[in-house]
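Single-structure report; data block below.
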Amino acid sequence: MTNIRKTHPLLKILNNSFVDLPAPSSLSAWWNFGSLLGVCLTLQILTGLFLAMHYTADTATAFNSVAHICRDVNYGWLLRYLHANGASMFFICLYLHVGRGLYYGSYTYTETWNVGILLLFTVMATAFMGYVLPWGQMSFWGATVITNLLSAIPYIGTELVQWIWGGFSVDKATLTRFFTFHFLFPFIVAALVMVHLLFLHETGSNNPTGIPSDPDMIPFHPYYTIKDILGFLMMLTVLSTLVLFSPDLLGDPDNYTPANPLNTPPHIKPEWYFLFAYAILRSIPNKLGGVLALVLSILILAVMPVLHMSKQRSMMFRPLSQCLFWLLVAVLLTLTWIGGQPVEYPYVIIGQAASVLYFMILLILMPLVSIMENKLLKW
């Protein structure tokens, strides 16, 4: 008798995706982040769903409703901090996942890569809107500053901003629509994840060597299921430690002050996971130029397949490219630090240098070094 998991129309899909899926035998721990992102998304949707049951999207009561969740709802504090710190874990996993793709040349699967970029943008938009919901000082001013950037778009900018705000400033209408979209977007993300996996399973996974692994495949279950479960346990250990011991470590104290349009905080800054992009935005002393640089800092990932000049796919056997890659990581960490600093000397000049270096490494140095490595190997 044939196993039901191989014949049932629904189970068959799951079987071909998670059980009998042929996977390369050499996948390292860097391939764990895809499944970790799935866990993060599930956790965010579940905690978010329960938070939404008690939250009120109204400027008069939003801040108090979050306080009510933390004080009066059974384990409300746990839900709230799991959701807030879960977002941080989500972005840590996202950036490591993208970094893995860059290092091992996974971007040559262009459809999977492009859907991944779309996912990144959607998750970033979702996180930004979520940060506005508690209606603290940083929520309000962050929303004001970031949405106001759209006014840099020529001709339609001002009308566009007022259309998004639903008025002449960030107010009740803005909060209501941000809550609506913050609730909706994770489900769009879940749908895009399906498309991402669909394209990935068309080609099969890449592996650390970058060499085709068709002759050497193993079933996903039990080998990678057990490996993924170990990853889940490690991530959930870190998350629960963060939530239970220092839940406000990654947050901003200003967000514990209710939103006040008449009082601007001394340093307006986004959550830590957007600081690198914020630093790039601030490093250009022109509004439109800054906005373009901000968008391009992520959109630059889309040209990676075109800029791949090496005859080898992975960086595993390319020490010069590896040096550039880790320099890029250092530059991104520098930008993250600069994004949280005030706009004054020497931070401004460091931010500008790091921003130039960021684009230079990806657009110019990496392709040049790849060509050089080809020549060194007489390819």
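Using N, Cα and C of the backbone, Cβ positions are placed for all residues, glycine too.
Residues or ranges marked as heme b b562 binding site by Swiss-Prot: His83, His182. Sequence annotations record features per position, and here Swiss-Prot assigns heme b b566 binding site to His97, His196 based on similarity to another entry. As annotated by Swiss-Prot, ubiquinone binding site applies to His201. Residues or ranges marked as transmembrane segment by Swiss-Prot on the basis of similarity to another entry: 33-53, 77-98, 113-133, 178-198, 226-246, 288-308, 320-340, 347-367.
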Six or more residues beyond either end and a Cβ under 8 Å away: which residues meet both conditions relative to the transmembrane segment (347-367)?
279-280, 282-284, 293, 296-297, 300, 303-304, 307-309, 321, 324-325, 327-328, 331-332, 334-335, 338-339, 341
Rounded to an integer, what is the Cα-Cα distance in Å between His182 (heme b b562 binding site) and His201 (ubiquinone binding site)?
29
Compare the Cα of His83 (heme b b562 binding site) against each of the binding-site residues His97, His196, His201 and report the nearest.
His97
What is the total of other Cβ atoms whose distance to the Cβ of His83 (heme b b562 binding site) is within 10 Å?
21
Take the C-beta pairs under 8 A between the transmembrane segment (113-133) and each of 33-53, 77-98, 178-198, 226-246, 320-340. Which stretch has the highest count?
178-198
Using a Cβ cut-off under 8 Å, which residues of the same chain at least 6 positions beyond either end of the transmembrane segment (33-53) come close to it?
69, 76, 79-80, 82-83, 86-87, 89-90, 93-94, 96-97, 100, 182-183, 186-187, 189-190, 193, 228, 231-232, 235-236
Are there residues of the same chain, six or more positions away from His97 (heme b b566 binding site), whose CB falls under 8 angstroms from its CB, and which are they?
Phe33, Gly34, Leu37
